[in-house]
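As recorded in TrEMBL:
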TRANSMEM  6-27  transmembrane segment
TRANSMEM  60-81  transmembrane segment
TRANSMEM  93-114  transmembrane segment
TRANSMEM  126-149  transmembrane segment
TRANSMEM  155-183  transmembrane segment
TRANSMEM  246-269  transmembrane segment
TRANSMEM  289-306  transmembrane segment
TRANSMEM  327-347  transmembrane segment
TRANSMEM  367-384  transmembrane segment
TRANSMEM  391-408  transmembrane segment
TRANSMEM  440-459  transmembrane segment
Amino acid sequence: MERAEAYGFSGAMSGAFLLSCLLFAAVSRRQRGPYMDEVFHVPQAQAYCHGRFLQWDPMITTLPGLYLLSVGVVKPAAWLLGWTGSVVCSVGMLRFINLLFSAGNFYLLYLLLFKIHQKNKAVSGFQRILSALTLAVFPTLYFFTFLYYTDPGSVFFTLFSYLMCLYGNHKTSALLGFCGFMFRQTNIVWTVFCAGNVVAEKLNEAWKIELQKKKDEKISSRKGSFSDLTRTLRFLVEYLISPKNLVTLIALTWPYIILVSLFFAFVFINGGIVVGDRSSHEACLHFPQLFYFLSFTGFFSFLHLLTPTKIRKFLLSLRKHPVQYSLITVISLFLIWKFTYVHKYLLADNRHYTFYVWRKVFQRHELVKYLLVPFYIFAGWSFADTLKSKSIFWILMYFVCLLAVTVPQKLLEFRYFILPFLIYRLNIPFLSLYRQLLELAFYILVNAVTFYLFLNRTFRWENSDEVQRFMW
């Protein structure tokens, strides 16, 4: 990092943290007590604060990583500063943990952008800083910085694990992956993703050697045609059934294999992936979740995905491969028809944006969910097109992880899309400086609207005296 870039990054991070502190104070003044899922998280953390480590709220579905870390931070801080009484492990103190995670996420996002795009000399230091700032204030993640939720910590340890993986520190990466798993069990998918990075790199090296042997055949690991995909999948199978190759891959990824093995042992002993309330968190094959994720990504990355050039390229691809796109359309319609699930929380809780998206869009007419298929196909094509700089093996590995982390979820919840979105955004090319500024302005606008609604547009339910607030 050059000196000017280091100063610029320090200034951006300090400024963002200061503004976050001011916003944190405003949220804490307006919402002093626990809100939404905080009514479970805060008392559990406070029980740990008082040494009651065997106490557990059966409504909590995640492992106790957040509470253990909170006690590990708050208790020493209270001892050093001489704090006593109710201020220790108060709602405000616990929420402040996530503010620290937010600063850490900013730094990790910058380091990841620097590492992933280090070969791209056209990207300036200012663009890296701007992109890191934009992702740090990504609305769905940034909002939960100010509440005591698992999301900021979950993102922190997953991004840290990914960074260590890229630097080849796989034992450290697996250990950080375990920390991420302790915050949210589904983060085991991103441990598999880190192992997949190693495998994809080895596969790509072998694929290049294969291409050298067949120079007369115009094969490229980055072509987008279906025939190339079939040829690549055949090579993948042939590579993975070789004992020699398998031994090599196991030797490279054994820390991740141990962690994944521990995960399966946990699932077997626990009787499932969810720790507490399983009735509201049942796994199912909810394939339309992939379509919802693509729509979510299209909304927050429209400057990347929705451009006149991409529309023209998509129409050209549509004209060249009508049979394949017709097949994709039929499969998409079938998946929507047979595998659409509507969680009871989605229909009942009018505090979440997803409630209004579902009511205003999907419940407008029975046919709406089918009429959106052309948009889903374009979003999926554009999504994949932005990743064309990555190897085909990396893309396949990412899509497997994306399916694993989204499809089993019955509830449509934007928070579940945060990590796959960030991993995607970290790996696509940079926008021009002008479009980067537009994107940052868009994220700031969405955040401003969200916090205005949360702080000022309160309402009450008929059967409750508690103040209700809109949120993601």
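Here, residue 1 is simply the first one shown, and the rest follow in order.
The backbone N, Cα and C atoms fix where each Cβ goes, glycine too.
At the 8 Å Cβ cutoff, the transmembrane segment (289-306) and the transmembrane segment (93-114) share fewer than 3 close pairs (sequence separation 6 or more) and do not count as touching. Ranking 6-27, 60-81, 367-384, 440-459 by CB pairs under 8 A with the transmembrane segment (93-114) puts 6-27 at the top. Between the transmembrane segment (126-149) and the listed ranges 6-27, 60-81, 155-183, 367-384, 391-408, the one holding the most Cβ pairs under 8 Å is 6-27. For the transmembrane segment (367-384), the partner stretch with the highest count of Cβ pairs under 8 angstroms, out of 60-81, 155-183, 246-269, 327-347, 440-459, is 327-347. When Cβ distances are compared across the two stretches, the transmembrane segment (60-81) makes no contact with the transmembrane segment (6-27), since fewer than 3 pairs at least 6 residues apart fall below 8 angstroms. Outside the transmembrane segment (440-459) by six or more residues, the chain places 23, 26-27, 30, 130, 133-134, 137-139, 142-143, 300, 303, 467-472 with a CB less than 8 A from a CB of the stretch.
Of the two recorded stretches, the transmembrane segment (155-183) lies close to the transmembrane segment (246-269), with three or more CB pairs under 8 Å once pairs fewer than 6 apart in sequence are set aside. Remote same-chain residues near the transmembrane segment (391-408) are listed as 186, 189-190, 192-193, 196-197, 199-200, 203-204, 207, 221-222, 228-229, 232, 236, 283-287, 289-290, 292-293, 384, 416-417, 419-420, 423-424, 427 (criterion: CB distance under 8 Å, separation of at least six residues from the stretch ends).
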